[in-house]
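Here's what TrEMBL has on this protein:
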- 58: active site, proton acceptor (ACT_SITE)
- 59, 62, 64, 66, 68, 80: Ca(2+) 1 binding site (BINDING)
- 155: substrate binding site (BINDING)
- 185: heme b binding site (BINDING)
- 186, 233, 236, 241: Ca(2+) 2 binding site (BINDING)
- 27-107: disulfide bond (DISULFID)
- 60-65: disulfide bond (DISULFID)
- 192-218: disulfide bond (DISULFID)
- 17-275: domain 'Plant heme peroxidase family profile' (DOMAIN)
- 1-16: signal peptide (SIGNAL)
- 54: site 'Transition state stabilizer' (SITE)
């Protein structure tokens, strides 16, 4: 599923001549150095794998895979870190910082942060039992970021199916690509404020027992435990598998934007296939 990240790279980055051997001569130990940093971080906190997936995805969806999400605000620029979808929830910055510092000691000024983030995501997937893929390298780091674009372009947990399809379509990604990438929610956790409305909706698209379990750590009152976490995959939250899609077919998707993929619409058959 995460191999679709490779397609994301190719679709929405600049048209450069990228190559998996880009650093073979200028920094031959770059990839192994990044891998060591990533493995160490995930060994300390399993959730970090999902956080790196999300950080990379949110970077690529705005201006392409250019590491713009890593830039801090300045007096003349409101960056992406404080966009609605990132503020208080995007994680993993320190892992990329550590990997960058380690690579800089070996090869100063050679390896871009954009490439480090791309490689780190691949390594995170492989480390937790997900797929691996060849990362084409040679991206340049952006010197600008756009909070405005991040707020307007990143998918929301409240988006309807047609809006999600349009958002991904604008990046050259099909509905199938979107469903495959959503499978990354086989790992990771979400904050109560992102799924409160769903578990208290008493709607027909949510399993009643599932909603009851989730209510135990997410109270109905807004502002009460907003940051409390719940696994996106209740069944096997630490395993990279297909249970995310099976959950959707049982009306046990945690986020509205998860369950909408299997709700009587055009992507139901894709979810069934992947399950």
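Using the three backbone atoms N, Cα and C, a Cβ is placed for every residue, glycine included.
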If we count other C-beta atoms within 10 Å, could you say which of the binding-site residues 59, 66, 80, 233, 241 has the fewest? 241
For the C-alpha pair, I'd like the distance in angstrom between residue 68 (Ca(2+) 1 binding site) and residue 192 (disulfide bond), rounded off. 28
Spatially closest candidate among 58, 59, 185, the listed recorded positions, to residue 218 (disulfide bond) (Cα to Cα): 185
Just to be sure I understand the packing, how many Cβ atoms besides its own are within 10 Å of the Cβ of residue 185 (heme b binding site)? 25
Return only the integer: C-alpha distance in Å from residue 65 (disulfide bond) to residue 236 (Ca(2+) 2 binding site). 30
Recorded positions near residue 80 (Ca(2+) 1 binding site), in sequence order, restricted to 58, 155, 192, 241 and a 10 Å Cα cut-off: 58
Neighbouring C-beta atoms (10 Å sphere around the C-beta of residue 218 (disulfide bond)): 23
Listed in sequence order, the binding-site residues within 10 angstroms (C-alpha to C-alpha) of residue 58 (active site, proton acceptor) out of 64, 155, 241 are 64, 155
Distance, residue 27 (disulfide bond) to residue 59 (Ca(2+) 1 binding site) (CA atoms, angstrom): 24
Mean pLDDT across the domain 'Plant heme peroxidase family profile' (17-275), rounded to an integer, is what? 96
Spacing of the two Cα atoms, residue 64 (Ca(2+) 1 binding site) and residue 54 (site 'Transition state stabilizer'), in whole angstrom, works out to 14
Given a separation of at least six residues and a C-beta threshold under 8 Å, show me what packs close to the residue listed as 'substrate binding site' in the same chain. 61, 85, 164, 167, 168, 257
